[in-house]
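A short write-up of the structure that comes next.
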């Protein structure tokens, strides 16, 4: 069944005359600031949450682009700006050459069907009072699309594509498990034959064994239908598994972007090193390779009034005076592969192998490890 | 805290302005001439005009409202006498000055409402907590069903029955009356005992149920489980951890209930023939006595607003997240 | 990593002296009565834990891993829960123990760390007070001494300026700091057993790494035994000495971390490993998820609870998986009808190549 759909989709892409690899989405200088209200005696704006602060990225047709970072880094906000659930404060989002950053509802309508979103929480993102058929068929009805054979037939096809029983189109969301609901979310996103899907933490609410089912489904959809993905997640291993190119975000900025292997094997930004080193990894037989150990101190700072210059400097072991005054540009460093950009004044060596000495910034860890090392 | 109080007071002033304007204009929307009351039986158009002038009713309504509001703060010398600030004017019905009348009636209503509040908080929260503590037992079931039955007992229904039973037929208690606390605390207490109980029945029943359900909810909170995991005793966990959290929804409802408590006090005064603000309000409506009505309305509104500020301050006292944000 | 080897050395030293486990759970059954019926949350679980060692309990939601540990501390609701079996802590029987006995143990000998530090700490009291409370109660010291101890503990877990932060409320702490405060609270009485229920699930990955290392380092200093409950095999494989894999209220596989990761035996463990991408795995290889969804504990499947999702029931044959419940042997082993030889060959020939 999924083959049928990929067949019907392929000529459409060809007709548009768009070879794979061409830029589908171009984001430049994208910024979103949320006002913080407070003050006395009347509330007024006293600050801004710099959720996203001037990011550039491109997503090519049929590619999967991963966006990874910790809480407060602005990755979800970026997803919502691109789908225009939010309006940017500054910068542009252009989809196939058309600037949609401030487009009206009417102007957005044709684009909306081509850019779809999959949300994190499969429990709250589906209307509990609608049947699965209505949920999946709704977007077609709103956009006045009448597929051959009727909408119901199409809904059944979609249910089968995402691995659900087509006979269940009259059931309600609560009759499905978490993983199945996420499949419904995928089917809804596919209903309008989108060319770009923004998936915001699509598997993080699911059990481990179910996560893999949904990741595989998304991968199948991406490959067979040639849909481009903006894959947003905090789990570095899943992002690596799913995305050809990856951007690492920290406090509203992209600190490093590049091809998958480049980022995961030869990272240059200290934050990317710290992130990769922090992932608790299962090491199988024959994989006993020494990874570097970096332990930062404290949590990610608040995106309200973030640090000046380089935003990572407050937790960075290499920070110098320059980092506080001058914001490092996102550029290709000497020796880096094409497309691998890093925003750092003092980049690290392009390896993730163990260092001579671990980097332990955390005072408690440092103190405890000093004591425990002494008797040896 | 000071900032909070200043902000709330500013808000309260706006609310009071709105209420006063609303009441004032609503009064004049009724096709009834308040001057007819003072004009007597053989009222000539000339007399009526003079009275209109004396009462200030010959001005357009917005101008009258403006005068009324200004005089509250500045006072005013009427032809009938001097009215110092806060000047709410003189009654149309009996020419008594409004402010002293209010001050005269206030202690009765305040004693009644606050006394009832103490009764229903004490009994409502107490039984609710006991029911939550003994959840699922007979005690819980008895309290829960009793609160259901009592919550359908209206004042005007229970009041006369209690009077008939305890006062007229069996002479267990005296006829309710108001004796100022400063005169004789014991008579004050005896005189108000029946009204307090009657007024608080409905509230007690509601607070029992609410206190029970919020306690049970709180006992399932994770931080309560953490406290148990630390080895704190059941009683300590119940009173220190769960109870504190259960107060927040209760205080919220209390803030909303203060209005109905004052309303309930008015009905209670009527039922037991006590001369409080409630009686005054009802009388001034039936006599189209604008100054008195405005006085009672504004004064009750100010009381409710004041209580609500206290409730919000209580929030800050209970919950540090409110205090420190 | 030096910290990984140390608990092992310690256990080897201690093993001849005291072979008896510090915590011993035998045939534990936990049942809840709900409106829909009886939930068999834990169904005949046995495990042992020695002093100074870390046991990782891995499972998905509804596997019974959290319930087990609430039961150890007697934190279940006695009105709706039925507990049977033996829980021996340092020789003391805990099932059916009085509330007073359990209260004395909780927070003193056995302490617990919960997942979500925002909801697990009371918003109404200062961090310092909440840390000091068990110390004041169990050690019978004054409030002032309790406060000093709280400051000392806050410093130990890496809260900067502990003398100032001791009077803060939990909401004034960041997520990572709150979790540190919770660890301080758990360790304040120097417990022999620390139960950590998903202690890092709600945290960012860089903070998770700090907290896990902190737990490991503090274990060296305090010598506590740790039960680490998590859904994340990566987390336990870095922290624990021994592993217990749970599915549908039962333990399905047990062994040391090394044994269990290098040569897992149970098809469910294989499924877990195949479900998670790793930083080192081959990206061209698709994940191998477990089909279907975890069963309802109201009516778990007969026989082996995993058989409806298992791809190897044919190898066992005779419909045994659906009728006969496989037992988990003591020590290293798995609750599966496949023979040892079958397990080994399936893993090496089919599973391992896919893990890449």
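Keep in mind that glycine also has a Cβ here, set from the backbone N, Cα and C atoms.
TrEMBL annotations: computationally assigned, not manually curated.
Annotated domain 'ABC transmembrane type-1' per TrEMBL: B:106-315, in sequence order.
Residues annotated as transmembrane segment in TrEMBL: B:12-30 (among others).
Positions annotated as transmembrane segment by TrEMBL: B:110-133 (among others). Residues 139-140, 143-144, 147, 178, 181, 188, 192, 195-197, 199-200, 203-212, 215-216, 219, 238, 243, 250, 254, 261-262, 264-265, 268-269, 274, 276 of the same chain lie 6+ residues outside the transmembrane segment (B:110-133) yet bring a C-beta within less than 8 angstroms of a C-beta in it.
Taken from TrEMBL, the feature transmembrane segment applies to B:145-168 (among others). Packing against the transmembrane segment (B:145-168) from elsewhere in the chain are residues 127, 174-176, 194, 197-199, 201-202, 204-206, 208-209, 264, 267-268, 271-272: each is 6 or more residues past its ends and has a CB under 8 Å from a CB in it.
Taken from TrEMBL, the feature transmembrane segment applies to B:188-208 (among others).
Long-range contacts of the transmembrane segment (B:247-272) within its own chain (CB-CB distance under 8 A, at least 6 residues past either end) are made by residues 108-109, 112-113, 116-117, 121, 125, 155-156, 159-160, 163, 176, 194-195, 198-199, 202-203, 207, 210-211, 214, 278-279, 281-282, 300, 303-304, 307-308, 311-312, 314-315, 318-319. Residues or ranges marked as transmembrane segment in TrEMBL: B:247-272 (among others).
According to TrEMBL, the feature transmembrane segment maps to B:292-318 (among others). Counting same-chain residues at least six beyond the ends of the transmembrane segment (B:292-318), those with a Cβ under 8 angstroms from any Cβ of the stretch are 1, 4-5, 8-9, 12, 15-16, 19-20, 23-24, 27, 68, 88-89, 91-93, 98-99, 101-102, 106, 244, 247-248, 251-252, 254-255, 258-259, 262, 277, 280-281, 283-285.
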